[in-house]
């Protein structure tokens, strides 16, 4: 069973013949389709198993056929997406659904998908699904979106204003300061350096409703002059600093077009002073002034045409040290139509088409040349006709030019288009990405998107197709349907495209893939510089899917003011916290990490040359539905990631083995030390035994010198015989086993001349034979083992003490020979 992937947005549109479509302003709107296959359990049980938190089923259709893959199953419409569950046993249903009269519903997605569902005839299922999709894809109020139903849950994030201030502090070289909520509430964030300062003049969004609450402006410009200059720029979007070079002082600024009028003769002293303040003095010791480039993202003719509506472009004669440059990037309507042509081209010539037919078989293979090389070339050329890659290249080239002027010439650049929130955001943020390696990390990429896209008011609700806080209404119609589904609403057998008709004019249709195009540009840079980015292409795809699905609140509404009014950050989850949680589960082995990232290899700006700016289709995003096999350009990265994971596991196993070997080595050293200690103790014991043997021999000689003879028995007992005549003429045992009388009493010989006791005093006398000798010979020892003469002197011999205790009454009868006391 397939794993439920992160939500991806799918909009709705109707096909021409034989089907209903959700037709919405250039077909650039709304929901998600996720296929889950296969299931054998009951639908009611599976229904809740794959639902996200707070996701609920609105309607469901049974026996529906997914024409793209010719698979039958059950289609669910939830308050967040479409779920299509494929059943295993579908042969009977598919035989019925293959009938020519089946009713078709085509859904076109923002993520390049075109999906066609077939419904059984003479049922109301298609109408029920259509109405449910219409309600969910086009909610009347912003609070009806799934992001508000789901709530913040655990994916919450600190205040976005705090994060913006922290990024401003970093840009001004005040990274040691840390912003707080109280700082935002009190307005005490107006820090500055030698050239620039943070202004709180727009803290209540009174100067410009689409600008952030805090702005970086030249230090020499007062808040009053800022307010005066705002009246001369479209939508009051004055020139402000987006990025400043930490070494040279050059800045990258952004604004909206000046209101010079049709004759281009309107001027503003405050605006000219503000723009001139961006041209600070060069740090070259000469006091010369740096150059200022004013980059107008529009074609020159469009800038002149805007003069009829009060807009226009600057004149270098009014702005000193400046040069005006036009990049010629088309507007949002051209981008929308180009993206639609690219999507239809991929559906026509892809391996998997929305009509279920391979491009190799359509029209006898003519869409892929049919064996005719010229026809094949014509088919491929239609990719160029879409113009998408040309637009991507224009944005890349313009951004590279801006980055080069700032880094190589130390010049300042002011960028604007008409309103300063579409092409301006693309160019400024992409140039930031090239200039500052911090923005090529996860934390920096988040700071960049929140600063130059969210804080500076890119209208995400209008561009993605969601309701805004003002309650934007949608013009949707359902056309009648008869007959069968054509291969594509704009598909022609010759491979050319015809423009799609719409019920709404360009002025009413603000849908456009501007942000998607910018992420496409980032993927092109990642392809050229694979070592410069911490994040991978997989991260960019998942990031886009979450933005388009509106699962989180970060990209709802059109400005910071509107998000604050709706309470987005308190009521909705945070995309950044969701991604951070995903990465924390797997660490650096997560698919969002770029395996080849080397921060030291590209620790400065990157300047892609013109030859490297030739873009190509982004396989992981553009081809994943039309050419699923060919879209696996990330397979190499996946294999590398798998090898890296295995290498990491082997590295951990190696470290564990080394740790174990170290433990064994320490244990061996401990055992060796213990063995050496045992040897030392054994040697000491041998020495003590030898010493004890010598002491025993000395004691024996001492006893013999007293005329005693020691006799040992096998059971450890001993007897001592004392010779009364040392010359050996007469022997008499004075210490012998006593005679036992008939009455059982013990009788001692009273005729003994002398009673002598030899006592051995040591640590353990009772257990040694010498101790037993002393106990046997000592006449002063009582029966309980105590001594009657404790103050008697002893003769010390080594560590043993031999005391000679005599019965002085017997000394009168003792003849002592001098030889006893000879040395």
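Keep in mind that glycine also has a Cβ here, set from the backbone N, Cα and C atoms.
Annotated region 'Disordered' per TrEMBL: 1-23 (among others), in sequence order.
According to TrEMBL, the feature compositional bias 'Basic and acidic residues' maps to 14-23 (among others).
Annotation comment: TrEMBL describes 158-622 as domain 'Myotubularin phosphatase'.
Neighbour count (other Cβ atoms within 10 Å of the Cβ, all protein chains): 18 for residue 331 (substrate binding site). Per TrEMBL, substrate binding site is recorded for 331, 332, 417, 418, 419, 420, 421, 422, 423.
What TrEMBL lists as region 'Disordered' is 475-504 (among others).
The coiled coil annotation in TrEMBL covers 654-681.
Marked as region 'Disordered' by TrEMBL: 721-755 (among others).
Per TrEMBL, the feature compositional bias 'Basic and acidic residues' maps to 738-751 (among others).
Per the record's binding annotation for substrate, residues 331, 332, 417, 418, 419, 420, 421, 422, 423 show a top Cα-Cα distance of 12 Å. Remark: residue 417 (substrate binding site) has 256, 257, 296, 297, 298, 329, 423, 424 as non-local neighbours, by Cβ distance under 8 Å and separation of at least 6 in sequence. The residues near the substrate site, meaning same-chain residues not in 331, 332, 417, 418, 419, 420, 421, 422, 423 whose C-beta sits within 8 angstroms of the mean position of the site's C-beta atoms, are 297, 424, in sequence order. Less than 8 angstroms from the CB of residue 419 (substrate binding site) sit 234, 235, 237, 256, 257, each of them six or more residues away in the same chain.
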